[in-house]
């Protein structure tokens, strides 16, 4: 159409143009045609200059803002932890409360803005904010709210000597948790296309607010564990280690005393769930931030369904491991610290149990990887921020346990005296490194596999063989449906010797497997019979279910105080008490989160297989 007779823009197009203009982006002028006789220069991609530069600039600005907020919060946490002069707990809680209130204002604005424009078609990222992930974060949020109620009761009991900020903080945190869960349920899949600076800064502010709340919970829980650890070392005979307690008990009596004692113990048993909630919320918000301005592919993945059929073996073994884990943790917590003999027996019991479990998990992961090696299937390499974040977290958080394990290995090899549990500790540390390496490979390859497509047409109607004279053409392969075969012969063409047959999958693949066998290609006939079709998927599902329950089992001991890295005392002698405690306190939260994140990834693998 000539330029002067261009069709008028539709109202929706004009409305979108106004939105783009209002967000601070320059509207790109239409490309000009070159004059006759001049060569046409290659046209730049649409939006490459006018859209990507402001988008990258806003992304860089918002990320730097978030990092500065996070660094300031970490310094406040460090100052409170080391009892810096002029910095108290009330200052830290005021800073965190201000961050939560600011995030609450932004979430309320975003929810209101979305409700006002709910008639507009909004793009969604189907990979982000899975239903099972939102369900798990809701469960952790409920326990976090219960934790907040206990903190309010603790403030009421010690109200005579606590500042008002320690009462305002849990109330604000409870409200923040409720609204954030509602926000994630409704908007975790959003792909924001407005490129507004406020939205980028709001999301990244939410990410680092949750990370600071996570760091605060980790610090409080670590202080409690450290106090118990110092008391246990005396029973193991390490009298040369200082046992000065770093206690932050308020300098006044609590009324009633029994009520405050129950609350104080209950708070620290609920901290692991709060820690998981904060880190899950920050990862979901980070995916939302990465999706701002992203172009969504037209291809949408198939929905994953959870089915329990055919995983009896993996589930029974996994539940057996879970029950054994609970028993080991109870016995460990009862025995450790009672006497030197009982403490050493508890450590040996834990190491034997953990070594057996890690060997089983490593073997299951190797079987799953070998099945994938036999199955020649293409990988899904499409751009997926949610999957990339999951993989990065999986590998990054494994670094925490690897750091502790290598420290234990060096301590065992360099120690002058060897207690009875020393060599169990060595085997346990090596297996922790190997098992996580194998499990990461299994999960990463599973998440990058394309989902199975099992259509009845693909199972029944397969091969079309066209014969013309002495020549035979294999028109349709084993992976094509009968609809493709019907489109092979064009209308009006004559095929005097054509023979069209519909066969079953096994009969249709017969000739192709013969040819592959002659050529030496690894076809499906070379695979073991039990690794074909539904049998292969059943084996992989059992492996995923078993590893899922095993990772939950291994999350329980360190989360609830069963930490041999603290209690054996060997590493403290080699590295020194304070350096080793710093290493464990920094690495242990990542190790604990790894198990929960691996369990979540394995659940997704199970649903995808």
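Yeah, the Cβs are placed from backbone N, Cα and C, and that goes for glycine too.
Computed from a predicted structure; not experimentally measured.
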Q.
Among the residue ranges 204-224, 225-245, 246-266, 393-413, I'd like the one that TrEMBL describes as transmembrane segment.
A. 393-413
Q. Ranges 90-111, 420-441, 442-463: which does TrEMBL label transmembrane segment?
A. 90-111
Q | Of 22-48, 346-372, the range TrEMBL labels transmembrane segment | A | 346-372
Q) With the transmembrane segment (90-111) as the reference, which stretch in 132-156, 168-185, 269-289, 539-561 has the largest tally of C-beta pairs below 8 Å? A) 168-185
Q: Spell out yes or no: are there three or more C-beta pairs under 8 angstroms between the transmembrane segment (269-289) and the transmembrane segment (132-156), with each pair 6 or more apart in sequence?
A: yes
Q | Other parts of the chain folded back onto the transmembrane segment (65-84), taken as Cβ under 8 Å at six or more residues beyond its ends | A | 91-92, 95-96, 99, 201, 204-205, 207-209, 211-212, 215-216, 219, 223
Q | Contact call for the transmembrane segment (310-334) against the transmembrane segment (346-372), three or more Cβ pairs under 8 Å | A | yes
Q.
For the transmembrane segment (132-156), give me same-chain residues lying six or more residues beyond its boundaries with a C-beta closer than 8 angstroms to one of its C-beta atoms, as numbers and ranges.
A. 162, 166-167, 169-171, 173-174, 177-178, 180-181, 184-185, 188, 259-260, 263-264, 266-267, 270-271, 273-274, 276-277, 280-281, 284, 306, 600, 603-604, 607
